[in-house]
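Noted in Swiss-Prot for the protein shown:
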- 244-273: coiled coil (COILED)
- 334-369: coiled coil (COILED)
- 49-64: compositional bias 'Low complexity' (COMPBIAS)
- 74-95: compositional bias 'Low complexity' (COMPBIAS)
- 278-288: compositional bias 'Basic and acidic residues' (COMPBIAS)
- 450-463: compositional bias 'Polar residues' (COMPBIAS)
- K122: SUMO2 cross-link (CROSSLNK)
- K297: SUMO2 cross-link (CROSSLNK)
- K466: SUMO2 cross-link (CROSSLNK)
- 103-189: domain 'ELM2' (DOMAIN)
- 190-241: domain 'SANT 1' (DOMAIN)
- 1-26: region 'Disordered' (REGION)
- 49-110: region 'Disordered' (REGION)
- 78-257: region 'Interaction with HDAC1' (REGION)
- 244-314: region 'Disordered' (REGION)
- 442-485: region 'Disordered' (REGION)
Amino acid sequence: MPAMVEKGPEVSGKRRGRNNAAASASAAAASAAASAACASPAATAASGAAASSASAAAASAAAAPNNGQNKSLAAAAPNGNSSSNSWEEGSSGSSSDEEHGGGGMRVGPQYQAVVPDFDPAKLARRSQERDNLGMLVWSPNQNLSEAKLDEYIAIAKEKHGYNMEQALGMLFWHKHNIEKSLADLPNFTPFPDEWTVEDKVLFEQAFSFHGKTFHRIQQMLPDKSIASLVKFYYSWKKTRTKTSVMDRHARKQKREREESEDELEEANGNNPIDIEVDQNKESKKEVPPTETVPQVKKEKHSTQAKNRAKRKPPKGMFLSQEDVEAVSANATAATTVLRQLDMELVSVKRQIQNIKQTNSALKEKLDGGIEPYRLPEVIQKCNARWTTEEQLLAVQAIRKYGRDFQAISDVIGNKSVVQVKNFFVNYRRRFNIDEVLQEWEAEHGKEETNGPSNQKPVKSPDNSIKMPEEEDEAPVLDVRYASAS
């Protein structure tokens, strides 16, 4: 049979003119192969060689004008048949573009990004939260002894002019390393005019005692130079009548005295003393204006009251005369006393920090509540039947609590108050409960014999209801006189 040639499909409208030579060459090769099939074996071999050369020439002729764009593939089958497939590279790009939509714009909500609405209030709140974030400047360390810490603070104050808070902040910055902190102290200049509330109160108190004698004031504020005291005095002098702590305290005391006097007058009412005072006032009004003695006395009293109010320290500050005399007596003694007080203040602040740290740790542990640490409650159901152990336990509870049925019920655990009362009635004779109660009354007195006032009296033995287990159980020996017999 003649060999069948499979021709690859062509795309219509693309390169038909160029493929005419390849088609004619393929047809010639096919006719040569058909004629060779009917000839002798020798002729068949010759014609096969000619056909193969013709097909090779056709392939080269087809590839030359197309510049490598068209390709021919021939494969020999096991039975001698051959097949060829041809395809074009130019058509592959167009088909892929058609499959993927041509690479155009993608329209639709699924291709768009979701942009949140602009909220200026939320933005301002976030910026405010960032601004309000605090920074930790000091935290105590257990590995650092108090003696080393006091020595470090003294060096920072005397040599470099740091106050206690600044020195501790530097130490915390270097992770509680004293050597690094001491080496870094000269590299910074502390703010010299930083006046805390305590410093301002001490200055006002010292100024009320010593006036403008600044070297005396410096004895109460040893970490301040005289130049700093003078500078603060002139800035404090301008606003003294408005913002002075001592003046506010004096005005407050004066207002409290006036209110107390008004309350006393309202409480007394129109009594004979008020009438006499009113008469005295009228008589004073009748005095000629030349006599101004009472007015002078009032002015003297008012000035004395003002002086007394100014001499008193502000609220929360206590000064004794001995301490003031010790500070004012000698400069060295004043420095020693103030240094001791400063050390005490440092130790107290350190204790406060340790307590705060301990409290914060305990609060972190209690974030989940106390339920994990609570012991499981054993809930026992009430049982109407009395075992031997429960009977003995009830008798011992009666010996201790008397007629307190609630306490006896709590001791037993699985018996209610009503069941305890029934036990009193049903087992009175068996356990000699009357004698046990008499012993309890003799020990605690007769005032508590009736038990709590909200409990009802126990029924008499005549009206008692016998429990079924009383008939079934064997007689039990007396608890107080238990013997082998």
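Backbone N, Cα and C define each Cβ position, glycine as well.
Per DSSP, the domain 'ELM2' (103-189) is made up of 51 helix, 0 strand, 36 coil. Mean pLDDT of the predicted structure over the region 'Interaction with HDAC1' (78-257): 78. Summarised by DSSP class, the composition of the domain 'SANT 1' (190-241) is 36 helix, 0 strand, 16 coil.
Cβ-based neighbour count (10 Å, all protein chains) for K122 (SUMO2 cross-link) stands at 11.
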